[in-house]
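S.K.: Have a look at this one.
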């Protein structure tokens with residue numbers, strides 16, 4: 001099952017510790033990261049940038065901006081640790097950059113949960129050419 005989740009999240013093309021981010025999104029939203037957010041709107045998934053279509057898409061936009069602020073770590077390859085305590089994500093890493101990356105991922109997972117009511121199936125597989133120039137971070 002773990003291998004399937006890793007492959008699914010890799011297909012989405014999310015950055016960062018893909019396994020942890022996929023788990024966080026599943027824990028917070030109950031949705032599979034790959035199938036629900038892999039091509040959502042203009043900002044969810046790798047290489048996708050544009051003016052957010054809704055609050056759900058804005059979560060992904062803010063997540064990309066959060067990653068741009070990271071220093072001294074590689075959001076595509078570095079891994080961090082976190083735990084799930086009392087239905088709460090707890091980032092726990094001694095490396096400051098990995099801690100920041102975990103906090104970015106935690107924030108997007110919570111944002112996606114808080115905006116489940118804005119999730120629009122018509123944006124689930126949204127073509128990139130429909131996206132307008134993105135706002136600045």
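Please read every residue number as a count from 1 along the shown chain.
Glycine is no exception: its Cβ is also placed from the backbone N, Cα and C atoms.
Worth saying up front: this structure is predicted, and the values here are computed from it rather than measured.
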S.K.: Given the ranges 108-120, 121-133, which one is assigned the annotation region 'Important for membrane-damaging activities in eukaryotes and bacteria' in Swiss-Prot?
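M.R.: Based on what Swiss-Prot states, region 'Important for membrane-damaging activities in eukaryotes and bacteria' spans 121-133.
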S.K.: Going by Cα-Cα distance, which of the disulfide-bonded residues (42, 60, 65, 91) sits nearest to residue 124 (site 'Important residue of the cationic membrane-docking site (MDoS)')?
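M.R.: In terms of Cα distance, residue 124 (site 'Important residue of the cationic membrane-docking site (MDoS)') lies closest to 42.
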S.K.: Using a 10 Å cut-off, grab the number of neighbouring Cβ atoms around the Cβ of residue 73 (disulfide bond), all chains included.
M.R.: 19
S.K.: Within 10 Å of residue 44 (disulfide bond), Cα to Cα, which of the recorded positions 59, 97, 111, 133 are there?
M.R.: 59
S.K.: Just checking: which of 60, 65, 66, 73, 91, 121 have a Cα that is within 10 Å of the Cα of residue 111 (disulfide bond), counting only these recorded positions?
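M.R.: 60, listed in sequence order.
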